[in-house]
Amino acid sequence: VDIVEMRKTGHHNKIHDLCVNTSTIASVLRLALLSAICLIVGTMIGSAVGPCLLIWAACGVLATLGALCYAELGTMITKSGGEYSYLTEAFGPLLAYLYSWTTVMVLKPSSFAIITLSFAEYAANPFYPGCTPPLVVIKCLAAVAIFMIVTVNCFSVKLANYVQNFFTVAKLFIILVIVVAGMVMLARGNTENLSNAFDGTSSSIGAIGLAFYNGLWAYDGWNQLNFITEELKQPSRNLPLAILIGIPLVCVCYVLVNVAYFSVMTATELLLSPAVALTFGDRVLYPLSWIVPLFVVLSTFGSANGSCFTAGRLAYVSGREGHMVKILSYISLKRYTPSPALMFNGILAIIYIIPADINTLINYFSFAQWVFYGLTALALIVMRFTRKELHRPVKVPIVIPGLIVLVSCYLVLAPIIDKPDMEYLYCTIFIFSGLLLYYPFVHRKVNWARKLMRPITMHLQLLMEVVPPEN
């Protein structure tokens, strides 16, 4: 029975009997190895900050080690949802719920907001030569970008995949242009900035931790494939291969691009520039400097698209498991996309861009994210002893997840010890505030909440033409 006919005939009570087979959903798009690499590279390479080449290289090594842990987890537990699925298997539903609560409500939409703010800043810069674009213009452009990306992802999974592949190629092209231009400048003898690259840097544990926050935020995306494991072709083969190809490629790109920046900019200029690539283009590529902001805009747009693509899957999986409102797990009857989850993520992202300062968002995002990265690495260690029967196509030395746990503890605690700010307390309070909702609505499943949500869910189904997936 078609949902539109139900709307016409008033058979609202039969809406809940409709479902979409999950194998049908998964068959709509199976990501091959190339598309998987494009998702990793395209999501990781967006816009980035930070002058220290050593930090960039160290962050790349750390991201690679973390991704290897996720390769073992993703091939061992072939469920979508990333950390959510692994925390459920290792520690039970409570910790997984706190992760989904924090990530769906804050981490994923704030990351989406950060990337689109960067997109808007680069897109607006050419129209305001010699000055900074007005904040209201940047935020309006970011909101338009969010709307466009959510629309594309709701319309078609395949279209979103094609968009991701195209923008990944575009960003690799502009990186090649910047690197080649930088090498030419170095060959001409512009090496003085590299010899003084580390002058005036701070060595405090808090400053180093915050530097890693910024660097690792630029590398964030190394876990993106784990959110869509069910949509990968041959995940036991393609997941680790995509990680081993994509992340070292990103690491090399970042280091070479920063070397190119240092060929014409001092560390101070690099930090003060609101759009580093644009400044580089004006100094090196004039009169063709316009290609830099154009391709950086394409790069950040592609990165935002990848973030939106995976964020919808987490909300979908947690809703399917009963840890989020049911409507978030529903699928478009015509498009086979998790449109309610995608729309919810987009709405939250627009809310976050209204008051947000990008640096505050990065620090807030990184603090909470590394709490869960550390717990996920710990889950890998725990399951080595509690789930020995699970098949592990990829098995990393146990010292690697142990190192990730230690680094996570450092990145979470060092900035707090060095400079305790209230934002860390707010973040912690928000994470545990999820318990106020977990006990009555998830653990006890109170009847009045079900009675309240049933008509709301039914009307949202009619409005969006979505149905629950078949278990």
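Each residue, glycine too, has its Cβ placed from N, Cα and C.
Features of the protein shown, as given by TrEMBL:
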- 28-47: transmembrane segment (TRANSMEM)
- 53-73: transmembrane segment (TRANSMEM)
- 94-115: transmembrane segment (TRANSMEM)
- 135-157: transmembrane segment (TRANSMEM)
- 169-188: transmembrane segment (TRANSMEM)
- 200-219: transmembrane segment (TRANSMEM)
- 239-264: transmembrane segment (TRANSMEM)
- 290-316: transmembrane segment (TRANSMEM)
- 336-355: transmembrane segment (TRANSMEM)
- 367-386: transmembrane segment (TRANSMEM)
- 398-417: transmembrane segment (TRANSMEM)
- 423-442: transmembrane segment (TRANSMEM)
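Within the same chain, the transmembrane segment (53-73) packs against the transmembrane segment (239-264): three or more Cβ pairs sit under 8 Å, each pair at least 6 residues apart. Sequence-distant residue pairs (6 or more apart) of the transmembrane segment (169-188) and the transmembrane segment (290-316) include at least 3 whose Cβ atoms are under 8 Å, placing the two stretches in contact.
Between the transmembrane segment (336-355) and the stretches 94-115, 239-264, 423-442, it is 94-115 that has the most C-beta pairs under 8 angstroms.
With respect to Cβ pairs under 8 Å, the transmembrane segment (135-157) is most closely packed against 290-316, considering the stretches 94-115, 290-316, 423-442. Long-range contacts of the transmembrane segment (423-442) within its own chain (CB-CB distance under 8 A, at least 6 residues past either end) are made by residues 93-94, 97-98, 101-102, 105-106, 322-323, 360, 363-364, 367-368, 371, 415-416, 449. Away from its own ends, the transmembrane segment (290-316) comes close to residues 39, 42-47, 80-82, 84, 100, 103-104, 108-109, 111-112, 115-116, 118-119, 122-123, 125-126, 145-146, 149-150, 152-153, 160, 163-164, 166-168, 170-171, 173-174, 177-178, 221, 224, 227-228, 231, 275, 277-278, 280-281, 324, 328-329, 331, 337-338, 341-342, 344-346 of its chain (Cβ-Cβ under 8 Å, at least six residues beyond either end).
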